């Protein structure tokens, strides 16, 4: 494992300890193709790994989650490195605090876990833009994940910063990284650009050397375009199912759904045999590896909470371990899409992913062991030694409230603070990317050039609202336009009336075609038959307002009796007893964003579900004797009694109002997709 300074060790013992520890030049992790296995320091080795994403877990909780993984019987942790999390602007890097990748590697070493690293550059992970930075789209014609010189130049620049940082942590250098993935499920991408994959492989070799094991992973149908000679080929699939990529390829029509249903009736063992047989066509010798064995699944807003049964997951794992395969369980602990970091899928319609990334994983979103964990631990114990000692019990949970929130004012009241530099003027509306607004919200404003005396349709051609538009005339909220949804919105107003359109990015596409997912008004809106021009665009810094300006108690304008549309609410509260993890419940609220003590907790969408609570880690709360502040940006309608509660358990599986989703190309109502069809 990675070397670390002994604590309180007498100096006389240091020379002896040095002799006993394996030396860097004797450490190795290699493929033994003659016997279809891995060798760790020359000894046969099989990893039983779990995925955990440091970027979805507060730094102070990393050690807790990793320790629980080790005590569950795992010997390895697998995780991605999201490029956009570390390079927010070209040439500006952040490896501090919760972004301290080296600190996470060290925590894994302390937990006695080896590491499988997945640095991308594309990672999927249901993460904003699949980990690619939004600033790449400032070149509108860029071709992502290809040999496009603009893309390769950005990738090369990034990896020349990242890979030297991890070089000392490679296993043969004394660290804990045993293997590194090149790209991610590239066979599911339409480009199939082998020159791009060869470029990446050469870059990794040039910066990391020849000793580290490089590999690829794809679903069974993606192996053709995702594998590359010289990189070890692995596969991914779930219990009793095909892979994410292969699920995607079947389509979403009724016949495809029925076909998938029948496939799911096949035994896990039968599927597994076929999938590993397909893998052998690309990797004839060496250990069998499932790099993503799905313990659960992701959630989309408006669909049911996804689960996978304990028997199906444990039976599949036991079958693979009997075959001698190495396995990584995705996810072992999911975590949370704090802030604006969730990704989205495009599956006939735009499907943004929820704030919770609980994933029905063995360790819950709050870090608690679940029955699934203990069942998997029992399976693992049949094949390798489990560390002695019990798993820690669930963390203390806290209930509080109800608390009444106070109206701070309409979002428009704070425009000078939200956009202190002033608006950008353009004849036609510009995208988020064109004005360097990567996430969150942007306000588009124009003025009516004539009187609209009758309700007149307001619309954006060709489904070019990305992703939700909140429409106001002279400050009065009129309704919402949404990507891929058939909304009919009508407005009226006098000549010179102020027309405001607040655009919300709901997360860029993270899987599938992964085409450039620009945000904002991608075409000018139309009022009746008139194309609206002469726009002012206000890139909004909502997080800065909440963190820095709201504590100053800004002067507030007169408060409307029945506020609607984008509106800020807040309150303060003390914790009188012992604090603990908790779950924010927002009964009656519609949709918006939440901050606690200036930290962006994420999105809520109570009216659509399925997620009804937001996880609040205990470290975010000030203990007894201090006031905590919660701020909400409600985008549509607050309840008559604007109250919230903190619960001692999550509600992740309740869709309060059935969501009717209409295709833009058909008049029939779409039916919700089963979990198995929701490919990555």
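A Cβ is built for glycine as well, from the same backbone N, Cα and C atoms used for every other residue.
Curation plays no part in TrEMBL annotations; they are all automatic predictions.
According to TrEMBL, the features are:
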DOMAIN    38-382  domain 'Glycoside hydrolase 35 catalytic'
DOMAIN    429-541  domain 'Beta-galactosidase 1-like first all-beta'
DOMAIN    566-623  domain 'Beta-galactosidase galactose-binding'
SIGNAL    1-28  signal peptide
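Per-class residue totals from DSSP over the domain 'Beta-galactosidase galactose-binding' (566-623), listed helix then strand then coil: 3 helix, 28 strand, 27 coil.
Helix, strand and coil residue tallies for the domain 'Beta-galactosidase 1-like first all-beta' (429-541), in that order: 6 helix, 54 strand, 53 coil [DSSP]. Looking only at the domain 'Beta-galactosidase galactose-binding' (566-623), the predicted model's pLDDT averages out at 96.
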